[in-house]
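Copied from Swiss-Prot, the annotated features are:
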BINDING   GLY32, ARG35, ARG116, ASP159, ARG162, ARG165, ARG168  CTP binding site
BINDING   GLY32, ARG35, ARG116, ASP159, ARG162, ARG165, ARG168  ATP binding site
BINDING   ASP45, ASP47  Mg(2+) binding site
Amino acid sequence: MKLMTMPSEFQKALPILTKIKEAGYEAYFVGGSVRDVLLGRPIHDVDIATSSYPEETKAIFNRTVDVGIEHGTVLVLENGGEYEITTFRTEDVYVDYRRPSQVSFVRSLEEDLKRRDFTVNALALDENGQVIDKFRGLIDLKQKRLRAVGKAEERFEEDALRIMRGFRFAASLDFDIEATTFEAMRSHSPLLEKISVERSFTEFDKLLMAPHWRKGISAMIACQAYDYLPGLKQQEAGLNHLIVSLKDNFTFSDHHQAWAYVMISLAIEDPKSFLKAWKTSNDFQRYVTKLIALYRIRQERSFEKLDIYQYGKKMASLVEDLRKAQSLSVDMDHINTLDQALVIHDKHDIVLNGSHLIKDFGMKPGPQLGLMLEKVELAIVEGRLDNDFTTIEAFVREELAT
């Protein structure tokens, strides 16, 4: 198969391939970018594979950076762009089902492609637009099928994260997993416990943000892979609820909303501990935990002005999106009205602060000062007090007198 027109991302990188070939080596576009252009999808990263060894690659170009030279990768800075160029390689026995004990550089494109995970990711493209397909990836691409390169069992024993990648590709590409590949994923799912939580989180996160995320979750359920992921053991019922409880065309607006609804579906009682088990950042934990709290408030009643002040309009909108996807009542106009009615959106918007209370009223730093500031803040939010210096002073004077 030959591309009639090279996409602009590849055209810009063609001089790189030309230089390498002029130096006497082979060079091809490889991986996800080739797959995506054949599917008519946007291209993100342009990866280049070559028969030149790293030191040979560095000798061809003036500006290079060793970003992963032990694995054969050199970053080339050329024509205003950055390109990762990786030497054809084979990989020895894998350690702990996640990393090769040794990487060997080779001159053969086919040897390089056979170590890749799925046939649709094992395609290469030359400078003339000719697709090199050694493992029937084009047929799988046409039939929207995800199939492991070579023996599926070996691919997943080499790197068990490929199981999670399989779920993610099913979700992002809307592909079905080929039967033999699926069975190997199912039988090797226990190996996911060997994978770093951070790597599993990245794949699960991408799955949740994919347009066909239900397909990825369904495959995970069918493989019983969830039993080997943090906080998901024996959570088949919760994961099924996650799939069926939202409208078919619903996709998550952002990562916070996605993980919040996962925990809502699983009825997780301690969201922070759940997210800690996934080794997420403290900021992520705080935001998602607040989002779940606001969701539960909304399940009980309509939003009030104080809710919008404390949680924010954006977070309230994420909650309403989830309610709409469940065919529950929503009222974005009410949220907008409450937000517009807020005199302040943050305590720093208040014209008077703790320093003023210390200076003008002789208050001392401590709990009493903090409590007074909270009273001022609440009174302004609820509309009982104007955000005016003189008015606030009078309010404080009255509070201190009682």
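Cβ coordinates are placed from backbone N, Cα and C, and glycine is handled just like the others.
Note that the coordinates shown come from a computational prediction; the quantities given were computed from them, not determined experimentally.
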Among GLY32, ARG168, the most crowded of the binding-site residues [Cβ within 10 Å]: ARG168
Position of peak Cβ density within 10 Å, selected from the binding-site residues ARG35, ARG162: ARG162
Binding residues GLY32, ARG35, ARG116, ASP159, ARG162, ARG165, ARG168 (CTP) - maximum C-alpha distance in whole Å: 21
Residue among binding-site residues ASP45, ASP47, ASP159 with least C-beta crowding, 10 angstrom cut-off: ASP45
Integer Cα-Cα distance in angstrom, ASP159 (CTP binding site) to ASP47 (Mg(2+) binding site): 21
CB within-chain contacts under 8 A for ARG165 (CTP binding site), separation at least 6: ASP117, PHE118, GLU203
Other CB atoms within 10 A, centred on ARG116 (CTP binding site): 20
